[in-house]
Every structure is written in C-alpha cells, then in structure tokens.
Amino acid sequence: MTSKSLPYSMKDLHYDNAKFRHRSFTRVILPSLLYSNLKKRDCMICSTGKFLILLMIFGLAYLLVTHSSAPHSISDGKAKGMNSNDIEKVNTNSNSKLSRFWRKPPRLPPRLSPDEKGSNSNKTQMQGTDSKWIERQQKVKDAFIHGWSGYKRYSMGYDELMPLSQRGVDGLGGLGATVVDALDTAMIMGVDEVVSDAGFWIESELSNRISKKGQVNLFETTIRVLGGLLSAYHLSGGEQGSNLMHKGPKPLVYLEAARNLADRLLLAFTSSPTSIPFSDVVLHTPSAHRSPDGMSSTSEVSTLQLEFNYLSMVSGDPKYSIEAMKVLEHMRNLPKVEGLVPIYISPDSGQFRGENIRLGSRGDSYYEYLIKVWLQQRTGQDSNHTYLYDMYEEAMKGVKHLLVQKSIPNGLVFVGELPYGSSGGFSPKMDHLVCFLPGTLALGATKGITKEKAMKDNLLKFEDLENLKLAEDLAHTCFQMYSVTSTGLAPEIAYFHTEDYGEGGLDAGNKNSKFVDDIIIKLADRHNLLRPETVESLFVLYRITEDTKYREWGWQIFEAFEKHTKVDSGGYTSLDDVTMVPPRRRDKMETFFLGETLKYLYLLFGDSSVLPLDKFVFNSEAHPFPVKSTRSSEFSIQSFI
C-alpha cells in the first residue's frame, strides 16, 4: 500500500530515463523536512528543531556573503600589483571550493531510440540521394538541349525533325508544332536560349502561319499548339502582366496567338449540327469539316476542355469554355456500358457509333479528362461539375469489372479491350497509350496530394485505395513492357498470355526477364515512338506515393532512350523494332518527346514542390495549367526554377 505522502512528487520522475537521473541533496532533504507527517515529538515542532533550522539558514547566508566578497579581494590585488596569472589563480581557487560544494552530479545524456541514432546517417544518405537525382535531372536537361539542337539546326519552323535525314517535315498542319510543344519544357528546365529562340519564332512567324495554313486536326492542334501557347503564357507570368522569365517576348504574344488560333478552331464546334465537333478545320478559309468517314474519335472531342476552359479564364471571354463543355455535358446523357464508351461518335447524330471499347487509341483521354477537368473546375464559385467525377468513378468501376485481367504464368495486371462490346470476346491487347491510366487512377484517388497526407486527413475511401493499388499494379506492368525487351524500350502494342490466348515465338527478346512468357509482341507492333505515357504515370505515382522505385524505373527507361534513340548529329529517333539490338531506326522525332517525355522525366527526378499536382493539371500533351483557385503569382515559373 502506498504511503499518503511521498518524499518527492511522482511528476519529477520521467520513466524513459529515470534510473539515470541523480537527485540533488536539497531536492531530497528539504521536502522531507517540510512535508513529513511527523507527530508532535518531530524536531520541526520542538525548540531544538527550530534552532537547527535557523542555524542552517545562517550558515548558508554566511557562505553566500563570503563568496560575494571575493571580487573585492581581486580588485585589491590589482591595486597592489598582482599580475593577471595571480588574479586568475585567486579567482579560480575561490570559485572552485564553492562550486565543488554546490555542484550537481552530472546528468547522463538521454538514450536515443534506434530511429534517432540513425537520423544523422540518414541525413547524410539523403544528401547523397538528392545529389544523385540532381545529377540525373541534369542528364535529362542535357538530352532536351541535344534534341532541340538537332531540331533547330535541321528543321526550325517545321512540325517535326527527321534526325537521320537531317531535315524537317510538316505532319501536323505546318504550325511549327515542335517549337510550341517544347517551349514550356524549356521554361521549366530554365533553358533560356531555347525559351528565347522558340518565343521569338512564335512572335514573328506563328500568327502568319495560322492565317495561311490549310487543314489541321482539331484535337492535335488543341493539345499541342493551343495548349503549349497557354502554358507558356502562364509560366512566363502572363497573369501577372509582366514577363517573369526575362527571356522571349512578352506573355501577351502567347495569349494573342492562342486566341487567334482558338477563334478558328471554334468553327469545328459551331459548324456541327450537334454538340459534337467536327474533326478538322481549314485555317485559312476558315471552315470546319468532318473526317472522311464522317466520324469523330471519342477521345478527340472530349480532350479539348482543359485548354478552352483555361483560355476563357485568362481572356475573360466565356465562349471558348461554353462550346467545349457542351461536349461533356452532351456525353453525360449518352448510353454507356458500365461507364465505358465506344471509341467513335457521330457529329451528325451526336450518338456513339460501333461497339469497340478500349482505353488505347481513340478512347484513352476521354477517361483522363473526366477527372482532370473536374479537378480544374471544382473550386470555382460557380462550379457545377460533379457529374464529371461521377462519370469518372463509374468508368473506373467498369474498367475493373470488364477490362482488367492477369497474365500467366506470373500474374501481370493489364487492361484489355472489348472489340465487339460487352457481349463480344475479350482481347488481351494493351496499347502503350493505356499506360496513362496508372497516373490517372492515382490522381483520381488522392486529388493530387500525397497518399500519406490523404491517409492522415482521412480523405481516402475504400474505392480510392483500391484504385491506387490498381494504379501501382498497372505501372509495374507498363515498366515490364520496357524491361522485357532487348532494348529496354516498350513496343507500341503488347498482348498478354492468358488462359484463353497465347502465341509462341513472339517474345520480347530479353530472356533474363521473369515476364518473358507473359508478354507477347507481334511483328507489326514492335516499334517505339518515344511515347510519354509510362513516364507520365511514374511521375504522378512518385509524387503521390513517394516511393523511389518509380524514379529508378524512370531512370532505366531514360538510359535506354539515351543508348538506342540518340542521334549524334542532334535529336532522337523512333525505332522500328525494340526486340532487336541494335534496333532499326525510323527517322522521326515526335513533338511529344521534347514536349512530354523529357518533361515528365525531368519533373520525376526533381523537387516535388515544382508544379504540385494539387495546384496544376497537365493536359494530354503535358502542358500544365493552374487550377481555378491557384491562378496567382506564387505559382509562377519564378517560384520553381
């Protein structure tokens, strides 16, 4: 049984280190004298006890008075000619006696936990890790400069570079697509020379080309050229009314070119009898036209909204956003298969055509923009776009139910196709384009913040966690599509070995890969176009999960690009066959290699505070736009170069 009064308070004990904590004489004796529950014969109530207490008090006072007189003795010593050494001895000796009397026993240092013991070594290791990724980021920047140097030398002003032939080609309407596509990458990397070259080319050449060129595709021109101009406008400080880059033309040049182009592209919307736009526009007429078969691609008509919305935000003219958002509002009410949609839609009837359902070409970015447009618009005061998130959630449920399967023998998770709709057979075919999906799933799960923060704030539903797990599984599969080949680069299309499907003699070439029997690459699908989708998803997943394996995977992919696609005279080239070493080359550097692939790799290896995913959305061509609530100077290019 515990005594009613203890010799010292329990609050003085700290059990993590109590047994090493020595107690002073006064902290033990005085409480006993003052608070012990003694009877009347206790010395505290007798005259003898009082006398002893008084004697102790006078003794302490005497010691203090004696100690305080020491400085006068030293002063006197100085007057009598004592040297400094003598004075120091007197001072030391007089102080040391008293200090020895009053000195507390030394406290042992507190014990450190294993985590705390390792913190210093972790800091050193972290510094080394940071240095590694800074060096790797610089390698990506060097690659961008090398790619641009070839383009500038041999094809400046053309849409694309043919690096082996050392000439340019116009395959996208002749608007200098590589110039505009690469501009914001140069801004983000801080490559001032490229910013200047590209910016002044746009100022002197682009408006003239917009007014004189012929037919362009609505989708490709919007995501590459319009998107690039608008991103450059923001990153150069356009919304603040000044050029924060100090390179290139005034930001207003980019905005004026964007409006000039968008006014002509609007004809694709306003010329159509329904809310679904035509696929092509003739710029110099200007006029809009259907594709030869009369159909528009589902992904193309639904991948215009980020760009037109942002143009309305910065121009103050709502007409761009109104026309673009009519498409999604119309598609909201069309029949779907568990949220999934066919890859063609008619601008004349406004209805889907055919039954082919896939997340590859002509279907992919429909699903991407559902969540991204919602993220862009959700914070506005007049926002009423929750239907987009509902459409996204329904579609992802449909993907998991109808399109996701596992390969044999090693269980790679992949997304297949339904060429004949839900009532037809399943095809284990997966385009490289589908590798956008891991990033989209992760973005939809956490809305751009880290998984750790989302978990801490209790923001993740069970379905979000399920989607995030699927994102990581699919990213692993996308990476294996690279590592399974002889070159370490992915094919355009892969098939997966399943219980119902398999073909012999079509492996990817890397016999050391665990998954060589899971992935099938047909002869016609072995080319690589320098595509960005996998590194895009690695970038998003690293930002959200903070798992460094995504950086390591990205580095392996970059090294393979450097080894097999780099052209010594300048530029990078597509490949004909990734299963052969050395691979046959195709002689084309797509605009998205500088505009997307290298941009995402650079951001993957860099600081996560640059273009944070809860403040910016990237369009389908990797051009970043601020979300509605963050259109301010704190997110300008000045803040993250």
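Backbone N, Cα and C atoms are what each Cβ position is placed from, and that goes for glycine too.
Listed in TrEMBL for this protein:
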{"type": "TRANSMEM", "residues": "43-65", "note": "transmembrane segment"}
{"type": "COMPBIAS", "residues": "119-130", "note": "compositional bias 'Polar residues'"}
{"type": "ACT_SITE", "residues": "E220", "note": "active site, proton donor"}
{"type": "DISULFID", "residues": "C435-C478", "note": "disulfide bond"}
{"type": "ACT_SITE", "residues": "E492", "note": "active site, proton donor"}
{"type": "BINDING", "residues": "S620", "note": "Ca(2+) binding site"}
Quick one: of C435, C478, E492, which recorded positions lie within 10 angstroms of S620 (Ca(2+) binding site), measuring between C-alpha atoms? Sequence order, please.
none
Using Cα coordinates, what distance in whole Å links C435 (disulfide bond) and E492 (active site, proton donor)?
11
Near C478 (disulfide bond), which residues of its chain come within a Cβ-Cβ distance under 8 Å, counting only those 6 or more away in sequence?
H432, C435, P438, A490, E533, T534, S537
Near E220 (active site, proton donor), which residues of its chain come within a Cβ-Cβ distance under 8 Å, counting only those 6 or more away in sequence?
L172, G173
Distant-in-sequence Cβ neighbours of E492 (active site, proton donor), under 8 Å, six or more positions away:
D431, H432, D525, R526, H527, N528, L529, R531
Recorded positions: C435, S620 - member with fewest neighbouring CB atoms within 10 Å:
S620
